[in-house]
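K.L.:
Pasting in a structure now, in structure tokens, and then I'll have a few things to ask.
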Amino acid sequence: MGKYFGTDGVRGEANLELTPELAFKLGRFGGYVLSQHETEAPKVFVGRDTRISGEMLESALVAGLLSVGIHVYKLGVLATPAVAYLVETEGASAGVMISASHNPALDNGIKFFGGDGFKLDDEKEAEIEALLDAEEDTLPRPSAEGLGILVDYPEGLRKYEGYLVSTGTPLDGMKVALDTANGAASTSARQIFADLGAQLTVIGETPDGLNINLNVGSTHPEALQEVVKESGSAIGLAFDGDSDRLIAVDENGDIVDGDKIMYIIGKYLSEKGQLAQNTIVTTVMSNLGFHKALNREGINKAVTAVGDRYVVEEMRKSGYNLGGEQSGHVILMDYNTTGDGQLSAVQLTKIMKETGKSLSELAAEVTIYPQKLVNIRVENVMKEKAMEVPAIKAIIEKMEEEMAGNGRILVRPSGTEPLLRVMAEAPTTEEVNYYVDTITDVVRAEIGID
């Protein structure tokens, strides 16, 4: 990670950390770096989610892009993966999404996609950071016909919706409950599943700029669990603020997380001979039960650090076509270059329809070990240093020795928030609580948190 860029672009509290001034510079410098080798006038797509700060940051970012001669196509409110899809399929120089994904409304973020539809690599981010830190802005300042042109492009959303529908199968009145998190999916999910022929119940579809992810969406699926049971839906589908994640709910109201979604899709593709190298790419956060289920089915796995960018890097490097995270990022490389909650949802309902199995039947093949995750809020400067504190390292080693291989512990700094994450898995809930509570007590004592 760099000074400005984390694992998923530039993020911070809007108007305090992620200011309009910084957004302008990111537009100006990012646009320049991503378009300097273009032979024709560069074109950049810009999308945003529903946060109240989105239009403020969009205006500043767009001004920066226009100031270096880039033509900007404003997409409005739509999913992050829609930006990636449109960049790749419409020959744009780059794309930019203004969103902080699953974070609360006070935060926002800016992430870039290259002309290939993939998130930027470390080298490109370093180039942008060097310009941000330069003492003087020496980039060209064209005038008159040299300036960029601003175009509203609502057709982009319709094209994305049509594409996702084309990857699915008719649902013939299947009862589907949607939770669009008062976020980006609120402009598209209803239309996509209506076009597929689903009978819909929708919540989290009334964004007001402040309620994105607020007690709804993939990080708060409790409301959807109740709606699924009350409406008699066959499946519930919860997206996060920018719709790059999916958490599902089965017909009984039980959660089907990213691990189970990856398993269901992976097994389906494997049986059809369509799972590249018969391998799923996952992260260190995936549950032991997921790994055991893959072993039973003879499906291989490749394991990366936490963060969908690392999953994508491994997929591109080795030619895999399915990967993701327990949190609900699922990358289906045959269809898109990044995690796409609505695409995953379309594929999941297609598998249910084609196999004739309920979601609970499909998900029951993975037995999830009890897992507990505690987030300890720390300053960003401390979250990396905490991992080197001798007492913290010692208690982690001690707990791992006690597990004797029947479980696991993971302590890591968040790549996107000022948090230290402590996670444990074990055969029983009592053991999990013991391991996590013991470690968090030591962490809090060592870094001075009561």
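A Cβ is built for glycine as well, from the same backbone N, Cα and C atoms used for every other residue.
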K.L.:
Do you know which of S93, S101, S358, S360 Swiss-Prot groups with D240, D242, D244 in the Mg(2+) site?
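P.N.:
Of the residues offered, the record points to S101.
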K.L.:
Do any residues at least six apart in sequence from S101 (active site, phosphoserine intermediate), in the same chain, have a Cβ closer than 8 Å to its Cβ, and if so which, in order?
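P.N.:
Result: D8, T80, G109, D240, G241, D242, D244, R245, T416.
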K.L.:
Would you mind checking how many other C-beta atoms are within 10 angstroms of the C-beta on D240 (Mg(2+) binding site)?
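P.N.:
Result for D240 (Mg(2+) binding site): 34 neighbouring Cβ atoms inside 10 Å.
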K.L.:
What's the number of neighbouring CB atoms sitting within 10 A of the CB on D244 (Mg(2+) binding site)?
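P.N.:
So the Cβ neighbour count for D244 (Mg(2+) binding site) comes to 34.
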